[in-house]
Amino acid sequence: MGTQKVTPALIFAITVATIGSFQFGYNTGVINAPEKIIKEFINKTLTDKGNAPPSEVLLTSLWSLSVAIFSVGGMIGSFSVGLFVNRFGRRNSMLIVNLLAVTGGCFMGLCKVAKSVEMLILGRLIIGLFCGLCTGFVPMYIGEISPTALRGAFGTLNQLGIVVGILVAQIFGLEFILGSEELWPLLLGFTILPTILQSAALPFCPESPRFLLINRKEEENAKQILQRLWGTQDVSQDIQEMKDESARMSQEKQVTVLELFRVSSYRQPIIISIVLQLSQQLSGINAVFYYSTGIFKDAGVQEPIYATIGAGVVNTIFTVVSLFLVERAGRRTLHMIGLGGMAFCSTLMTVSLLLKDNYNGMSFVCIGAILVFVAFFEIGPGPIPWFIVAELFSQGPRPAAMAVAGCSNWTSNFLVGLLFPSAAHYLGAYVFIIFTGFLITFLAFTFFKVPETRGRTFEDITRAFEGQAHGADRSGKDGVMEVNSIEPAKETTTNV
């Protein structure tokens, strides 16, 4: 195999794709800062329409719906990934669904002018649909165009796009920027601008060569794209690997979601994929970010919004750190380090919140624990679950697997946002002990069940699961995953 380079064409394609990740992060974080102002908008709009102010229960319910409907849209969108990518391809799917982003952005941006709470909620639902689809499209596209030796590092860029989006939303949401009573619709409608930018750039990005060769049998086109993306003429080994996978696919019917659980060779990787997605959301990270302002306020911080932005900066910095570590330390190792560190910090958060009234220094301990908690999250549980799903499956079952994994992520995200306030109300500082328990459980699962995929081709990983499944079938019981014992594919030389 020839020497692979990180070419401008590859960087351009991945950067354009991660605009979708940015959109996910931005629309996740954008609703938090203007909470009070949007509640006032809902109150005034309903009062003007009904000649009487709404009840506190109705006001709170409509606000909660405005927040939660985003995750509902995400669940539906993530489960629909396969409908798009198998028919239109990876790149074209990203281009088509940008219509949803424009529509959702317009509804949110114009809701105040139209004096319509319904437009706000509908806009959040539509933008959720869009972001749910992006959580499947982006890591799949990046994984399929990246060289094997750099697949993990480039896969981390998906998470970097998300955290940069969250950080930008936090900064733009400051009252003196766009988080004011007059400008908050622009804050929500801003999502249209990156949509236009991505739509203009996507036609200059190539389609996934794996999709072209395996799904559409366009070998010559796929070969030319690989040569341009990887900066080498010798891509024969990669083309042969795709052709072998294509031959295997031609002997199988299209893989459905139900077959992921019925077929023994798919069952273990889909369970691993779901549990890794749960490890991201049930780690407590979104509870920290959703309610970080309140947590910092409880810890005694005078300007909690700036502390929240500080956590967002830490989030971004350590995602970049993970980018350089993932191909050296491996996915499995980093995921375990991240989970273990978060479990320790979660316990420390509980202790510091319990003691902050008795000891002045405990407020700073709590803030430090939150920042380190966020850092450990971005070392492993943040980026790894998104791209490792694409690595565990071959071309046939990959879209269905991405849909199931993405839906698991969005569903658990929704449940945390829904249940955390009640849990925090009844448990107080002890609420983070729940997340500590989850983190320890996920750490044990990762140690015993999750394979290392660093340096292995998609075909190599798939064969390992098939071998394990056949062994389990012969013995009549579930086999223990032995992928970690297989030698990685011979690493290619990659010039940066």
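Using the three backbone atoms N, Cα and C, a Cβ is placed for every residue, glycine included.
In Swiss-Prot, the annotation N-linked glycosylation site falls on Asn43, out of Asn43, Asn409. The D-glucose site in Swiss-Prot is built from Gln159, Gln280, Gln281, Asn286, Glu378, Trp386 plus one of Asn215, Asn315, Asn358, namely Asn315.
Relative to the membrane, Thr60 and Ile177 are listed by Swiss-Prot as lying on one and the same side. Each residue contributes its Cα atom, and for Asn286 (D-glucose binding site) and Asn43 (N-linked glycosylation site) those atoms are 27 Å apart. Counting Cβ pairs under 8 Å that are 6 or more residues apart, the transmembrane segment (400-420) and the transmembrane segment (332-352) reach fewer than 3 and are not in contact. It is 65-85 that, among the stretches 65-85, 154-174, 184-204, 305-325, 332-352, forms the most Cβ pairs under 8 Å with the transmembrane segment (119-142). Here the listed stretches are 91-111, 154-174, 270-290, 430-450, and the one with the most C-beta pairs under 8 angstroms to the transmembrane segment (11-32) is 154-174.
In the shown protein chains, 26 other C-beta atoms lie within 10 A of the C-beta of Glu378 (D-glucose binding site).
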